[in-house]
Amino acid sequence: MALTAGIVGLPNVGKSTLFNAITQAGAESANYPFCTIDPNVGIVEVPDDRLQKLTELVNPKKTVPTAFEFTDIAGIVKGASKGEGLGNKFLSHIRQVDAICHVVRAFSDDNITHVSGKVDPIDDIETINLELILADMETVEKRITRVSKLAKQKDKDAVFEFEILSKLKEAFESEKPARSVEFTEEQQKLVKQLHLLTSKPILYVANVSEDEVADPSGNENVAKIREYAAGENAEVIVVCAKIESEIAELEGEEKQMFLEELGIQESGLDQLIKASYSLLGLATYFTAGEQEVRAWTFKKGMKAPECAGIIHSDFERGFIRAETVAYEDLLAGGGMAGAKEAGKVRLEGKEYVVQDGDVIHFRFNV
């Protein structure tokens, strides 16, 4: 599933440094034919300890983790919604992503100038958010012009849409994003069709200095970002982009030792990948055989045939059953034979909603 998070941020906040760390740590693109091969797209493996344990259990010839795409979105400055900087290009790029990772500067460094002359994370956040709101306002106003005539004539669909558009316009006038507006399930379907930038889920990435990454509790800027994000019900990940680019060059034990020296349990990049994955409502199921153990990304709530289709359209078209076992039960049984003996392997049909951590063998006939 080619879902993408777009990385945005003002100049000199550490966005490019973080994105370069992502591309350095990049996954082998040959394993992921769906991924865009583009210099502004970084493909990363989704860290998952379960895959390693399955590999040890099954001992396959090949192990393939699931991957996630980050897009580096350049060109945002004050006035981007009016085409300033790389404004129009920026807006078209951000429309294509599924979620937004907003990198915010939370470090002080006199050698790195800030675009507005001072480090003010809330001002930075609001500058970008306002550009997105202004772009969405333009979309909504154009739509209102089109719909209002029909709404006045009491056209049922037009009245329904006009009500939604008016609600959105009111939010934008108060400088609030579309995701902050409550809609019914039916209304939400229409909002989705508008492809609004501010309806995309968001997480904030606070970029701190090297000496604060292990314990950012004394950083006032991080506290401000957390407080702002809490008002949006958004998550905050604390990273040091400079350190991440160093970590990206290390592997295995060397990487672990470096993290321990810094007093960090998990790299900021791994936290960012997991948080982005979760933000989009994604989960992982596994296929495990002698040839290959592989992790597959699916959207929570998907049924077995749809998940089978992620592997190949024939699997969905000719779906018969999904032989399924929970990852924990497979491990506890010491393998498929033990899990079957314990009665933990199930044959699931077309209506089965796949769960995170399911290990599945699909039966199909085309």
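Glycine is no exception: its Cβ is also placed from the backbone N, Cα and C atoms.
Computed from a predicted structure; not experimentally measured.
Look at Swiss-Prot and you will find 3-259 tagged as domain 'OBG-type G'. Residues or ranges marked as ATP binding site in Swiss-Prot (evidence: sequence analysis): N12, V13, G14, K15, S16, T17. The Mg(2+) binding site annotation in Swiss-Prot covers S16, T36. The domain 'TGS' annotation in Swiss-Prot covers 281-364 and is backed by sequence analysis.
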Completion exercise
Grouping DSSP H, G, I as helix and E, B as strand, the residues of the domain 'TGS' (281-364) number 25 helix, 35 strand, 24 coil
Exercise for the section: Specify the count of other C-beta atoms within 10 Å of the C-beta of N12 (ATP binding site). Expected result: 14
Fill in the blank from the handout: Across the binding-site residues (V13, G14, S16), the Cβ with the fewest other Cβ atoms inside 10 Å is that of S16
Practice task
Using the recorded ATP site (N12, V13, G14, K15, S16, T17) as reference, state which further residues of the same chain have their Cβ within 8 Å of the centre of those residues' Cβ atoms, listed in sequence order.
Solution key: G9, P11, L18, V103, R105, N207, A241
